[in-house]
Amino acid sequence: MAGGFVHHGGTKGEGFEYRITSYFVFACIVAALGGSLFGYDLGVSGGVTSMDDFLKEFFPKVYRRKQEHLNETDYCKYDNQILTLFTSSLYFAGLISTFAASHVTRTRGRRGSIMVGSVSFFVGAIFNAFAVNISMLIIGRIFLGIGIGFGNQAVPLYLSEMAPAKIRGAVNQLFQLTTCLGILVANFVNYGTNKIHPWGWRLSLGLAAVPAILMFVGGIFLPETPNSLVEQGKLDEGRRVLEKVRGVKNVDAEFADLLEASEAARAVTQPFRNLLQPKNRPQLIIGGIGIPAFQQLTGMNSILFYAPVIFQSLGFGSGAALYSSIITSTMLVVATFVSMAVVDKFGRRFLFLEAGCQMILSMLVLAVILALKFGHGVELSKGYAVVLVIMICLFVAAYGWSWGPLGWLVPSELFPLETRSAGQSLVVSVNLFFTAAIAQCFLVSLCHLRYGIFLLFAALIFIMSLFIYFLLPETKQVPIEEIHLLFQNHWLWKKYVGDGKTPV
């Protein structure tokens, strides 16, 4: 059943009509569940690695060091490469599997990759829940990584392709919203299971199977995107799905865009090689490398991975640490709603640049307090601890309405159809590479650089803000198959893609 009014394309995408239909809402909600897999793991892994029962069973040396109260343990309590390998092995697996996901997504459709991802994630959750040694833990993490590699490759593409241009930003951010909700739920689960001895950690890891089951069952009824159907040569089915998902019969203009894009897509037999052509240089540098790398170099995932560890190292205590993590993940959810409300009004560039200023300020305050008041074998005073939590929340909020959701939205809309699947694989692989590298290096960096790690992140955020300001054109409300035309009027990118006229 269709609801709301018929919307007509304005100055861009003239004639693109749509209604918000129940069919469209169902498809987007089911697909967006892929974010909950990623989010639940982000939230649960850091909490589990701070649980005493988990550490005693698998990492007794870390547990013994945690119980000591020597000066050097303020920053170095959890500096153990095998422990961080437990976290980062998932992301290395996802990095490799996303290239297989590209082939599946291109030839079998976005829905196929989503289904494969849910099955693999379920298997990984079962392995971790019943693990009796580190090998089983790592194997489970590898299956989880494969699931995330397939899911993160397909879901942002699915949402961007299903969404009308005028609300594409908000719809795509459903992926980030479910990621944030997954983090929040994981923190609540950790808070409860931390009190269940000695097997509470098994419940935390095993419950990852729940969103995987939901996504698989929902995926059975999930329609393929019109873009993918047309790309596969299923023109009649593609038009039927487009009419159904838009809720109107007049889809001629949009379908013509899909046909034109699909002709270019079918002419490309080596999409990864095609990414290296000069005409795709903006998408490669901005969407394929720059944004996914910078998303991790904000330092946000380090805070999410180890929020319980950070707060515990700051002297908050085990229960208070998980409670503080719940506060920060709640802020992330709220910020995502803010971003969904304004991203198609104020645009992507505004959110990137405003958040950059807010994040730099937060990191600088964190660094100053830690430099002056922490690391001397004593706990922080309550006043300074509160300021730290506030700064972390401000940082999380800024990330939550900028680099978090836009780090997936902008790359998914930049690539033309002929390189979209390959481009998204590059996005996921770069993202997961930097995620894994930072997960592996953060605790040892915190141990050796101390407060300097936050100064480093502040400098990186300044650089990435300049990157956005000078290189990214505004993409709000531009039809997805016309975004590549924006680069023809850009001061730098027109040298690579040729000069032309941006659609108006």
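Cβ atoms here come from the backbone N, Cα and C positions, even for glycine.
Per TrEMBL, the features are as follows:
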- 20-40: transmembrane segment (TRANSMEM)
- 27-476: domain 'Major facilitator superfamily (MFS) profile' (DOMAIN)
- 82-101: transmembrane segment (TRANSMEM)
- 113-132: transmembrane segment (TRANSMEM)
- 171-189: transmembrane segment (TRANSMEM)
- 201-222: transmembrane segment (TRANSMEM)
- 284-309: transmembrane segment (TRANSMEM)
- 321-343: transmembrane segment (TRANSMEM)
- 350-372: transmembrane segment (TRANSMEM)
- 384-404: transmembrane segment (TRANSMEM)
- 425-445: transmembrane segment (TRANSMEM)
- 451-472: transmembrane segment (TRANSMEM)
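Among residues of the same chain six or more beyond the transmembrane segment (384-404), those with a C-beta under 8 A of the stretch's C-beta atoms are 176, 179-180, 294-295, 298, 300, 303, 307, 311, 314-316, 324, 327-329, 331-336, 338-339, 342, 351-352, 354-356, 358-359, 361-363, 365-366, 369-370, 373, 464. Just going by CB pairs under 8 A, the stretch in 113-132, 201-222, 451-472 that sits most against the transmembrane segment (20-40) is 201-222. Contact counts against the transmembrane segment (201-222), taken as Cβ pairs under 8 Å, peak for 113-132 among the stretches 113-132, 350-372, 425-445. Confidence across the domain 'Major facilitator superfamily (MFS) profile' (27-476), taken as the mean pLDDT and rounded to a whole number, stands at 88. With a cut-off of 8 Å between Cβ atoms, the residues of this chain six or more beyond the transmembrane segment (321-343) that come close are 43, 46-47, 50, 169-170, 173-174, 176-177, 180-181, 183-184, 186-188, 190-191, 194, 303-304, 307-312, 351, 389, 392-393, 396-402, 404-406, 409, 476.
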